[in-house]
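Here is the structure we will look at.
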Ligand code: ADP
């Protein structure tokens, strides 16, 4: 076995990882896994490509498992399952790169300090992403650590797409619409450049519809606007997050309901969106299977907000050549896709119902002025590619894309 790139996506209670081999000009997925329940009794599950799944409780003494123990477990598992694997780079998903990081970056003492200083901008993600970086330095001290940011793809937005209508001082202090899901958008756009080069040069909206959801307007390969803002709360309603909200609601919750910042954070991040509206689940499949009116209302609200934002971003772009649907909902939910794209002939989208029902790659009619596509996103692969590229290994993830 040769050189390996490891990708790490560390959250508050979980670490996702993947191992990809660099060989013969491409990255080949070797294994992926998840350590869940960090902070308590954690479980480890992993699978080699095409192999059996391993699953076990991580610490039999029931001591609280932290990120370091999780990454040490990854190292042990790899030594056992991928003997001879030489981890040359570890690519980390880091949610926030602030106003300055527009590219992935090698983690040094200096950059780590910079990224630490951004923790207040993403308190529910950034501290854990960085705990993952520290743990990986400990477990893989000889590998290069590379931070790949969810915000980086959006850093070339014009000022008006990034600012709020607040006094300028807040923008200067970093209160901006950063936008997120950038690794997914970048991956999708690379695929598009490879498979549909003409469309990729045009006006494109990518709809990343998963547990987290946002839309991105891309013009000639450059992100020009996104529905997510200062935090990953804004824009579309999501599994448990509220999406766009009048800030007056927050003022009301504070002044009239006497809710604390922590209580409001909990409400808006964890108990709103599909889960909050339906009172049933954050999972779109559960809502589709339900006969409750509240489930139908949550779906209808989700769909109507996606449609509204497609309209808004198309206006920003001045037209629309292609719309790509991705993420768990975008890739799989036939009825939700149909509801989002129906009655848009006036707008240039003519959906092919049969192609949509079969989850085909192209789901618009031949000759539809706007082409609608389903493409599978892969943020891990994007991180691995960035890491390889930053190490000068010139092994692009997406075949034949420079
Ligand atoms: P994450 O943002 O956590 O990566 P995913 O991209 O995996 O999330 O998307 C999860 C969402 O996709 C869930 O709401 C799930 O219900 C939805 N989903 C996955 N498969 C289907 C399906 N076949 N039909 C409807 N929804 C689906």
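Every residue, even glycine, has its Cβ placed from backbone N, Cα and C.
Lifted from TrEMBL, the feature list:
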ACT_SITE  150  active site, proton donor/acceptor
BINDING   9, 379  Mg(2+) binding site
BINDING   16, 208, 209, 210, 211, 212, 283, 284, 285, 328, 329, 330, 331, 332  ATP binding site
BINDING   93  substrate binding site
SITE      181  site 'Transition state stabilizer'
SITE      241  site 'Transition state stabilizer'
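Listed in sequence order, the recorded positions among 9, 241, 329 whose CB lies under 6 angstroms from an atom of ligand 1 come out as 329. A distance of 17 Å separates the Cα atom of residue 211 (ATP binding site) from that of the residue listed as 'substrate binding site'.
Summary: among the recorded positions (16, 181, 241), the fewest other C-beta atoms within 10 A of the C-beta are counted at 16. According to DSSP, residue 329 (ATP binding site) is assigned to a helical segment.
Taking only the Cα positions, the spacing between residue 329 (ATP binding site) and residue 379 (Mg(2+) binding site) is 16 angstrom. Note: the CA-CA distance between residue 9 (Mg(2+) binding site) and residue 283 (ATP binding site) rounds to 21 Å.
For residue 379 (Mg(2+) binding site), applying a Cβ distance below 8 Å and a minimum sequence separation of six or more within one chain yields 9, 93, 183, 184, 187. In the three-state DSSP classification, residue 209 (ATP binding site) falls within a strand. Rounded to a whole number, the distance between the Cα atoms of residue 181 (site 'Transition state stabilizer') and residue 150 (active site, proton donor/acceptor) is 5 Å. Comparing C-alpha positions, residue 181 (site 'Transition state stabilizer') sits nearest to 209 among the binding-site residues 16, 209, 283, 285, 331. Compared over the binding-site residues 93, 285, the count of CB atoms lying within 10 A of a residue's CB peaks at 93.
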